[in-house]
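Copied from Swiss-Prot, the annotated features are:
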type	residues	note
COMPBIAS	9-31	compositional bias 'Low complexity'
TRANSMEM	54-74	transmembrane segment
TOPO_DOM	75-758	topological domain 'Lumenal'
COMPBIAS	313-324	compositional bias 'Basic and acidic residues'
REPEAT	454-487	repeat 'TPR 2'
REPEAT	489-521	repeat 'TPR 3'
BINDING	Trp625, Ser668, Arg688, Met689, His690, Arg735	2-oxoglutarate binding site
DISULFID	Cys641-Cys648	disulfide bond
BINDING	His679, His725	Fe cation binding site
Amino acid sequence: MAQRKNAKSSGNSSSSGSGSGSTSAGSSSPGARRETKHGGHKNGRKGGLSGTSFFTWFMVIALLGVWTSVAVVWFDLVDYEEVLGKLGIYDADGDGDFDVDDAKVLLGLKERSTSEPAVPPEEAEPHTEPEEQVPVEAEPQNIEDEAKEQIQSLLHEMVHAEHVEGEDLQQEDGPTGEPQQEDDEFLMATDVDDRFETLEPEVSHEETEHSYHVEETVSQDCNQDMEEMMSEQENPDSSEPVVEDERLHHDTDDVTYQVYEEQAVYEPLENEGIEITEVTAPPEDNPVEDSQVIVEEVSIFPVEEQQEVPPETNRKTDDPEQKAKVKKKKPKLLNKFDKTIKAELDAAEKLRKRGKIEEAVNAFKELVRKYPQSPRARYGKAQCEDDLAEKRRSNEVLRGAIETYQEVASLPDVPADLLKLSLKRRSDRQQFLGHMRGSLLTLQRLVQLFPNDTSLKNDLGVGYLLIGDNDNAKKVYEEVLSVTPNDGFAKVHYGFILKAQNKIAESIPYLKEGIESGDPGTDDGRFYFHLGDAMQRVGNKEAYKWYELGHKRGHFASVWQRSLYNVNGLKAQPWWTPKETGYTELVKSLERNWKLIRDEGLAVMDKAKGLFLPEDENLREKGDWSQFTLWQQGRRNENACKGAPKTCTLLEKFPETTGCRRGQIKYSIMHPGTHVWPHTGPTNCRLRMHLGLVIPKEGCKIRCANETKTWEEGKVLIFDDSFEHEVWQDASSFRLIFIVDVWHPELTPQQRRSLPAI
């Protein structure tokens, strides 16, 4: 309407303005008026488009653009990840995205910014600017040309400037520090871990043991490793591995599980940052057991991830200065050559991060074939094999990964961070398979390569402990404490060794101060166990305070029940009746045949052939206590059974005891004047039966938790030895009993087959 009104007023004005002029000028014909009305321009010029037509075309073009955009997104016609990744290389001012300021810099209208890129609070993380910017060289040329054309046009639209002739944007400014965040996540290189996305074992909740976790080394700071590589936006020439939760398979034949009461040997709680699982190697005709995977409590996990951090530890980590110390520089995993093939490495790593393990293995194998001197390609291959071993539960594949980690370390020009991570992971996986001596050699090499890294020396000390070499372990921790006297990890392990050497009072301050330090790897059930035990032996009443603290921190089921190799959910009580166990037939058989069992035991004693061996677990305060074992870890001792053939034949009828791989069947003789310290057994998976054979009338008693009982000849006592128990023999003659361990009645058949032996 406005346009039409203007046209009319224009005509009237023309008529009145000319007055009595010529008729051709003074009045317009209808045709002329129509021409003016529809063909004229609002400024009086003819021949242009009307406003209405212009608006219509504008709307058509806008709608066409909208629907085109919808079609592009809907049909996935453009790989936005790829395009955005291309735009990222033109981030000239380092603010993490491509905008008008970047365009001005590239067109020479603005000085290049030297400020640090701003990081949103949710993404804030300490990082270093890359030392060397390397253009991405492995992208297809046609994609790069297309991206450049898009960038050129976009630049000029945003700044309304003349096209810069002959300017090569890629040469003007190489790749900067922040590619797309999704790519960053996939660029992270464990796990195992651990991590490595956790692969849950295929067992029901009640079949999963309650794990007590230990962070075994102070190189824990580096051992968030092996799974995520560092974000390229912060350091494009490096990658940061992060521990994955790894659950693999244990070569049980290679590991001797020590009874927890034996204090002279550091138990093989293998593998920092991992949770141990086992695949039993069954006979080929029994495929069912081949898939048995049980989460074993002899596992080592970062305490911070698995347990509620105690107040003392919170006090330590809540300190801002302490947090600043924890922050570490992210490792650099790419050498100069690997930077030139970074795009190919990233593509292969992206497959691994997306869980396409088989494809990732093939991709890294191809990279190793093409670039045999590339440490990062070979490291990626090792990680993929590591992941594949986890996926397939294959020790054979894991052995291949261990070998590939070694190959990484043998290449020339390996970045120091990558070398350290490769060898640490190799050592970790060797321990996992029970190859303790091989792991020790790897740790020794690490210490030689990085002599100033005390965390590696702490790892080395653990390596010695795992093979029972307490003397060398002690030397290592003495060296660490001479350099860093407040190293809590070294303190608890040094105290552990002193206690194993029966230096009880001397061990207490090291164990206590080490736990109180809150350092990683110190919140370990074994250290609470041995600290409390040491205090009990010197008469320190604070022992139960530490047991209580260990219970609150999740290491013990209760103050009384302090076993560390446990299955969740099992009924827990100190004393049991035969009916409660369900093993009434076994109890009746033992009590009916107690004289037969007694006579064979006495005959073995009379032969004086040394079949009764002294107790060697350092459980006695004083006295003489010996044992004669018929079954151990579910295995019959044929030589021993020759001395008690009828007893062994009798027991063969009861698999709940002969098949108990977490217990023993044995004679136990204790002479007058013997006192056994308060102690607990290693596991809640068994119950212990005591059959009285030769019992003095008075002076012999046993306490379990807070109830004390005495033996009777021909009668069975049943208790759960995962509860604290203590024995006195103050009679005038020896005491002989027959000990029979049985599976806890609530364990399923599958658990009984699958649980590792103790």
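For all residues, glycine too, the Cβ spot is worked out from N, Cα and C.
Projection of Swiss-Prot feature records onto the structure.
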residue : record                      : contacts (Cβ under 8 Å, 6+ apart)
Trp625  : 2-oxoglutarate binding site : Pro614, Glu615, Leu619, Ser668, Ile669, Met670, His671, Thr674, Val676
Cys641  : disulfide bond              : Leu630, Thr647, Cys648
Arg688  : 2-oxoglutarate binding site : Gly663, Gly681, Ile718, Phe719, Asp720, Asp721, Ile739, Val740, Asp741
Met689  : 2-oxoglutarate binding site : Leu586, Val587, Leu590, Val716, Leu717, Ile718, Ile739, Val740, Asp741, Val742
His690  : 2-oxoglutarate binding site : Ile702, Trp711, Val716, Leu717, Ile718, Phe719, Ile737, Phe738, Ile739
His725  : Fe cation binding site      : Pro574, Pro678, His679, Thr680, Ile702, Arg703, Cys704, Ala705, Phe719
Arg735  : 2-oxoglutarate binding site : Ile669, Met670, His671, Val694, Ile695, Pro696, Cys700, Trp711, Gln729
For Arg735 (2-oxoglutarate binding site): DSSP state (helix, strand, coil): strand
Helix, strand and coil totals (DSSP H, G, I; E, B; other) for the repeat 'TPR 2' (454-487): 27 helix, 0 strand, 7 coil
DSSP three-state assignment (helix, strand or coil) for Cys648 (disulfide bond): helix
Three-state secondary structure, which DSSP defines for Cys641 (disulfide bond): helix
Overall pLDDT for the repeat 'TPR 2' (454-487), taken as the rounded mean: 97
Binding residues Trp625, Ser668, Arg688, Met689, His690, Arg735 (2-oxoglutarate) - maximum C-alpha distance in whole Å: 18
